[in-house]
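Asker: Below you'll find the structure I mean.
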Ligand SMILES: NC(=O)C[C@H](N)C(=O)O
C-alpha cells in the first residue's frame with residue numbers, strides 16, 4: 001500500500017491514506033443509454049473520473065488517482081490492449097510505488113483480461129481488482145456505481161493481498177484465474193467455475209474472505225510489456241484490432257464440424273496453435289482428430305483440447321489415441337480452463353518460445369490439471 005500520513009488537527013488523530021489507481025478501459029459500466037430504463041443500445045460515454053464522482057461517500061482515507069487507458073466496449077479489445085494495461089500497472093508500481101489498482105472493464109471479455117493479468121503480474125503486495133456492470137450507468141437500477149464502490153473497498157482492504165487478480169461484481173469476490181461470465185443478461189453473471197467457488201463477498205459495507213490467502217496456480221510469465229509496446233509502436237487507443245501476441249485460433253466443435261476450417265487457419269491466418277472447444281471431455285470426430293495430427297506433424301502446430309461445457313476438465317487421459325495406440329505429441333489437454341483462457345495461456349507459452357513438452361507441463365500445473 002502506498003501510504004501517506006495525515007493528521008487531523010482537531011483530534012490529533014493520525015490516519016494513513018491508501019493510494020488506489022483506477023484504470024478506465026470502457027464497457028457498460030462507462031456507458032449511457034437514451035432512456036433510463038434501456039438495457040441495450042447504449043454507448044461508452046463516461047470517463048473513469050465521471051464514474052468515481054458519482055460516489056460521494058467514499059472513505060476519506062483513500063487517495064484516488066485515475067487514468068483513462070482507452071474507452072471501448074470490451075468486444076473491441078485485443079492482446080494489444082492487454083499489453084498496455086500490463087505496462088501501466090508495471091510502470092505505476094515501479095516508478096510511483098502504487099500497489100492498489102481497480103480496473104473498470106466491459107464484462108464480455110473481462111475474464112480474459114483478468115486471466116492474462118493474473119498470469120503476468122506477480123509483484124508481492126500488489127492488489128488488482130477488476131469490475132464492470134451489466135446495466136449501463138444511466139439505468140434506474142444500474143449495478144455500475146455500487147460495483148465500482150465495492151471494487152475500491154476490496155482494493156483497499158489489506159486482506160486482499162496475495163490472492164491473485166480479483167474480480168468484484170454483484171457483491172461477490174472471485175478469482176481472476178477461475179472466473180467466467182455465465183449469463184448474457186443477468187446481474188448475477190460471474191461465477192468461478194463449479195469446482196472453485198467465490199473467494200469472498202461484500203456485505204454491510206465490509207469485505208469478507210471465506211479462506212486464508214492463497215493463489216490457485218503457481219504459473220507465472222515474466223513479460224516485458226514496455227519493450228513489446230516500444231517495438232510494436234502500440235501507443236494508440238483506437239478501436240483497430242491488433243493482436244500482438246502470437247495468433248492462436250479457437251474452434252467450437254459441433255455435430256458435422258468441418259475440419260477443412262483448420263487448414264484455412266493455418267494457410268490464411270498463420271495460426272501458431274489451435275484450441276478446440278470439444279464436445280464433452282475431449283470429443284472430436286475421428287476425421288477432425290486425424291487432421292489435427294496431420295497439422296502437428298506437417299507444421300508443428302499444437303492443439304489444446306478444451307471443452308464447450310462450462311464446468312469439468314479435459315485431462316491428458318482423454319486425449320485421442322490413434323491407430324498405433326499412441327497420443328499425438330502435439331495434443332495438449334486444457335484441464336479445467338475454458339477455450340478463451342487456453343488461448344491466452346498458449347499465447348504466453350508461444351511468446352516464451354516453449355517447446356510442446358514445456359507447454360504440457362504448464363497445462364499440468366495445479367489449478368489446471370490438463371497436460
Ligand atoms: N456488460 C458489459 O460490459 C457488456 C459490454 N458489451 C462490454 O463488454 O463492454
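Glycine is no exception: its Cβ is also placed from the backbone N, Cα and C atoms.
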Asker: Have a look through 74, 78, 138, 141 and flag the one TrEMBL assigns to the substrate site that 107, 108 belong to.
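Answerer: Candidate in the recorded substrate site: 74.
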Asker: So how many other Cβ atoms are close to residue 28 (active site), meaning within 10 Å of its Cβ?
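Answerer: Looking across every protein chain shown, the total is 28.
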Asker: State the three-class DSSP label for residue 28 (active site), counting H, G and I as helix, E and B as strand, and everything else as coil.
Answerer: helix
Asker: Just how spread out is the substrate site if you go by the largest Cα to Cα distance in Å among 74, 107, 108?
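Answerer: Pairwise Cα check on 74, 107, 108 gives a maximum of 7 Å.
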Asker: Taking DSSP as the reference, which of helix, strand or coil describes residue 108 (substrate binding site)?
Answerer: coil
Asker: Measuring Cα to Cα, how many angstrom lie between residue 28 (active site) and residue 74 (substrate binding site)?
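Answerer: Just about 9 Å between their Cα atoms.
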